[in-house]
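Trainee: One structure follows; several queries about it will come next.
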Amino acid sequence: MTSVVVVGTQWGDEGKGKITDFLSADAEVIARYQGGDNAGHTIVIDGKKFKLHLIPSGIFFPQKISVIGNGVVVNPKSLVKELAYLHDEGVTTDNLRISDRAHVILPYHIQLDQLQEDAKGDNKIGTTIKGIGPAYMDKAARVGIRIADLLDKDIFAERLRINLAEKNRLFEKMYDSTPLGFDAIFEEYYAYGQEIKQYVTDTSVILNDALDAGKRVLFEGAQGVMLDIDQGTYPFVTSSNPVAGGVTIGSGVGPSKINKVVGVCKAYTSRVGDGPFPTELFDEVGERIREVGHEYGTTTGRPRRVGWFDSVVMRHSRRVSGITNLSLNSIDVLSGLDTVKICVAYDLDGKRIDYYPASLEQLKRCKPIYEELPGWQEDITGVRSLDELPENARNYVRRVGELVGVRISTFSVGPGREQTNILESVWASI
């Protein structure tokens, strides 16, 4: 039994897809356990970029099984489109498996997402308008439609009719919006179900059988710990649990079967959308990091907010997700800066604190306390070991590990597979 969980430790966009792709080389099964097509991950293979939103990064390894677990909310339209994209690129998807217990995103979820966000006015939370939240709402309310239901024509028709009637009353009475028609949705989405049914199965059985057989299983999280609905900057969060604990619920494996948790972070911080961000930069340095790091959302295309590395956030993520190893990405983006800063604590009303407050009002008053380190001017994109890094960059990497309190297993100096440097093999240490 050998398993590794990959989680984002910031607000998403940390490079989880790249690290999952890297670790997938030694895995036999790769599984997603939460989120939906609101997540975006970019994988670079032989210099070519592939952008995925729903299908696990392991799909590029035809001999390995890629799993969409029961905790994922699946938009069949997006899934069929992504499958077609991969097929057009010559990528086989015969190794994909989709949980029959995963819930389905339907057009009324997306419409409701938009209406709810518009109604918030200046209090928007920055949703991607993908219907993720409303789909999880239906799941919790026990009125959701699962993949298993989508494949059964009579059950799908019955549940869609009931749900659509309820949602249309909401659209008309509360939001003064146009109702949706049953026939078009039913025909379109039932057809999508038939297109994907070859991949549908009980993925909990596949995952547990693999673990019991001693195979290496890699669990791939979406978003990040700071977007977790319980542990993140609520309400500016996603509607699921990206923390490592989400694996057990979202994939159907027990907690005793998790061996390692790899936390992925960037050498700085970024986030898309609204919400607290203590180390956010509004100056030329911030703009430089955004441009050099190409900090624009994979899903939305929106410019990401950027800031200095926040070790307070990272220690929070380490604690609530049980992180055992750290993967530090995008060190190259900081090249050329005379000084680099790391937030080591916050000043809250004149008191130094080293924890991340739950209160949004307190977070507004938190001022980052920085430790300044000398920067480096060298181009490090060709570095292939820690010793090859300039001394100042090497010191930065070491200081990050010290402040977070987790050993760094890999560091990356660019988006390519070959730009990921191993300090300690995660698989070998299990």
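Quick reminder: no glycine exception, Cβ is built from N, Cα and C everywhere.
OK, Swiss-Prot features for this one:
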type: BINDING; residues: 12-18, 40-42, ARG304, 330-332, 412-414; note: GTP binding site
type: BINDING; residues: ASP13, GLU14, GLY15, LYS16, ASN38, ALA39, GLY40, HIS41, THR128, ARG142, GLN223, THR238, ARG302; note: IMP binding site
type: BINDING; residues: ASP13, GLY40; note: Mg(2+) binding site
type: ACT_SITE; residues: ASP13; note: active site, proton acceptor
type: ACT_SITE; residues: HIS41; note: active site, proton donor
type: BINDING; residues: THR298, THR299, THR300, GLY301, ARG302, PRO303, ARG304; note: substrate binding site
Trainee: Going by a 10 angstroms cut-off between Cβ atoms, which of the recorded positions LYS18, HIS41, ARG302, ARG304 has the sparsest surroundings?
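Mentor: It is ARG302 that, of the recorded positions LYS18, HIS41, ARG302, ARG304, has the fewest other Cβ atoms within 10 Å.
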Trainee: Taking only C-alpha atoms and a 10 A limit, tell me which of HIS41, PRO303, ARG304, ILE331, VAL413 are near ASP13 (IMP binding site). These are the recorded positions.
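Mentor: Cα within 10 Å of ASP13 (IMP binding site): HIS41, ARG304.
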Trainee: What Cα-Cα separation, expressed in whole Å, is found between LYS18 (GTP binding site) and PRO303 (substrate binding site)?
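Mentor: Distance between the two Cα atoms comes out at 20 Å.
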Trainee: Using DSSP, would you call HIS41 (active site, proton donor) helix, strand or coil?
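Mentor: Once the DSSP labels are grouped into three classes, HIS41 (active site, proton donor) ends up as strand.
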Trainee: Please compare the binding-site residues ASN38, THR42, THR128, GLN223 by how many other CB atoms fall within 10 Å of each one's CB, and tell me which has the fewest.
Mentor: THR42
Trainee: Taking the residues ASP13, GLU14, GLY15, LYS16, ASN38, ALA39, GLY40, HIS41, THR128, ARG142, GLN223, THR238, ARG302 listed for IMP, what is the greatest CA to CA distance in Å, to the nearest whole number?
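Mentor: Those residues reach a largest Cα separation of 34 Å.
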